[in-house]
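These notes concern the structure reproduced below.
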Amino acid sequence: MTDDDLDLFDSHTDRRRPAPRPAKRKKRRTSLWIGMAVVLVLIAAGGYYGYRQLADIGSYDDYTGQGESDVVIEVKKGDSTADIAAALVESEVVASTSAFVAAAETDGRVRAVQPGFYVMKTKSSGKAAVGQIVKPEAKVGNLQITPGTQLHDIKQPDGAVNPGIVAELSAASCAKLNGKSTCVPADQLWASVKKADLAKLGVPEWAVGPASRAEPERRLEGLIMPGVYDVRPGANADELWKQLVSDSATRMQALGLPDAAVDTGFTPYQVLTMASLIEREAIEQDFGKVSRVTYNRLAEDMRLQYDSTVNYVLDRPTIRTDDADRERAGPYNTYNNTGLTPTPISAPSKEAINAAVKPEQGPWLYFVRCQTDGTSCFAVSIEEHQQNVVEAQNRGAY
């Protein structure tokens with residue numbers, strides 16, 4: 001055995017070391033920096049978006065300035081500030097509900113805004129719109145009808161004129177829109193009354209027949225209830241009547257007509273007519289007794305002989321007539337005709353309607369205004385009545 005035999009490795013075998021691995025550390029660092037940059041960009045973008053979202057909280061669209069053209073908007077019963085704002089947006093008065101609501105929060109007068117129609121300016125700032133709607137002159141179309149008012153004007157002895165429903169409706173129709181008047185003249189309203197289809201106007205079905213048989217200009221007499229109405233300026237004559245008559249029909253229904261007439265022996269229209277006579281003949285405390293006199297005289301087929309019916313066609317106050325007046329021929333003269341008048345003669349109040357439905361119990365056939373405060377004295381016999389007349393004249397009440 002030689003020394004070579006003892007050699008554990010072949011002298012010709014290559015003694016190689018493993019090959020070095022590729023350097024990846026630099027690549028890892030580059031990827032890390034890129035990833036971190038992406039994350040930072042995303043964080044920045046998210047932060048900006050969040051900032052914009054937070055910045056938008058409390059912001060809203062709003063016009064600038066005092067507005068441009070006139071427009072009529074309606075505030076309805078029960079409307080909240082937000083409801084009013086929505087109506088303003090719909091009419092292009094404000095750019096957003098928030099613009100008006102935010103401005104309204106600093107002006108408590110908005111909470112006092114009443115139902116009705118208001119003249120506003122389109123494209124107003126929220127603050128400007130609030131300033132407009134709280135001004136008293138902004139509210140338009142207000143119509144107030146007092147009990148006893150008739151369609152025609154009433155001429156007082158001193159020459160003063162109490163406007164009738166037609167004149168009052170004409171006045172209520174007036175507003176200035178962009179420099180132009182919206183007034184509907186009384187003659188246009190009269191023309192509409194004479195030709196209109198009563199059913200289409202909203203006259204209750206139970207009143208259409210008898211009202212249609214009346215003289216054309218008296219067809220709506222008594223069908224407009226007393227109270228406060230809101231009419232839209234800019235509407236034409238037919239539209240004004242339709243709104244007024246329809247609203248009034250709703251009020252009559254609320255008072256119980258036509259059902260309240262069922263046990264009276266009279267039609268609903270006759271009850272309405274009777275109520276209008278009661279309204280014009282007495283003060284409220286005597287309504288029930290005057291109603292009973294009316295029932296009793298009609299039951300006896302006696303002429304009512306109410307001065308109010310004679311003066312109705314003369315457009316005069318109701319308290320006195322003379323012989324010439326009472327001798328005038330005509331369907332409304334209850335000195336010459338038996339029964340009720342062809343139509344009501346005025347707008348009867350709720351109290352007068354209630355009295356016509358439920359008269360006080362009593363045998364009275366006569367009455368006369370015997371006190372200067374309007375109180376009437378009632379009698380069963382003609383002799384008693386004549387004595388009441390003398391005493392009333394002595395007091396200056398008749």
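We count from 1, first residue shown onward.
Heads up, the Cβ atoms here are built off N, Cα and C, so glycines get one too.
Copied over from TrEMBL, here are the features:
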COMPBIAS  333-344  compositional bias 'Polar residues'
REGION    1-25  region 'Disordered'
REGION    323-344  region 'Disordered'
SITE      Glu281  site 'Important for catalytic activity'
TRANSMEM  31-51  transmembrane segment
Would you mind splitting the region 'Disordered' (323-344) into helix, strand and coil residue counts from DSSP?
4 helix, 0 strand, 18 coil
Packing count at Glu281 (site 'Important for catalytic activity') (other Cβ atoms within 10 Å of its Cβ):
26
